[in-house]
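Asker: Reproduced below are the annotations present in Swiss-Prot:
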| type | residues | note |
| --- | --- | --- |
| BINDING | His64, His96 | heme b binding site |
| DOMAIN | 1-149 | domain 'Globin' |
Amino acid sequence: MERPESELIRQSWRAVSRSPLEHGTVLFSRLFALEPSLLPLFQYNGRQFSSPEDCLSSPEFLDHIRKVMLVIDAAVTNVEDLSSLEEYLATLGRKHRAVGVRLSSFSTVGESLLYMLEKCLGPDFTPATRTAWSQLYGAVVQAMSRGWDGE
């Protein structure tokens, strides 16, 4: 990724990373609104959540949100050399495949990520920032998809 795009990503992430749980909850609220069929994939100790709200208030799911935000943070930190995260992201892809996540669902996750960024950043979420984040997310999903492909 080119330096101007990397800077847009880092600058915008600074605002988000001040409240990762709050913004991660926005991301997953949007995800469940767009693709409710994902909710049953989140089960902890055999517990099936009855609603997105039930899931989003669960301590176990809040821990999942924290982990997702840490993965995004790692991608932002390594935005100019994502190859250093390739094996980790492929392993993450395998783990998601193992619990029943469809690769196609990651496009909805991407939409939810952009939604969260827009809500957090307001007018600072410019078209250039949107494009930069779309490129970063696309690279992350490409690396994770190797976990589906078994590469």
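Just so you know, glycine gets a Cβ as well, placed from its N, Cα and C.
Worth saying up front: this structure is predicted, and the values here are computed from it rather than measured.
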Asker: How does the model score the domain 'Globin' (1-149) in terms of mean pLDDT?
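Answerer: That region's mean pLDDT is 93.
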Asker: Using DSSP, how many residues of the domain 'Globin' (1-149) fall into helix, strand and coil, respectively?
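Answerer: So the domain 'Globin' (1-149) is made up of 119 helix, 4 strand, 26 coil.
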Asker: Only counting partners 6 or more residues apart, tell me which same-chain residues put their Cβ under 8 Å from the Cβ of His64 (heme b binding site).
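Answerer: Within the chain, His64 (heme b binding site) has Cβ neighbours under 8 Å at Phe42.
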Asker: List the same-chain residues at least 6 positions away in sequence whose Cβ sits under 8 Å from the Cβ of His96 (heme b binding site), in sequence order, or say none.
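Answerer: In sequence order, Met144, Gly147 meet the Cβ cut-off.
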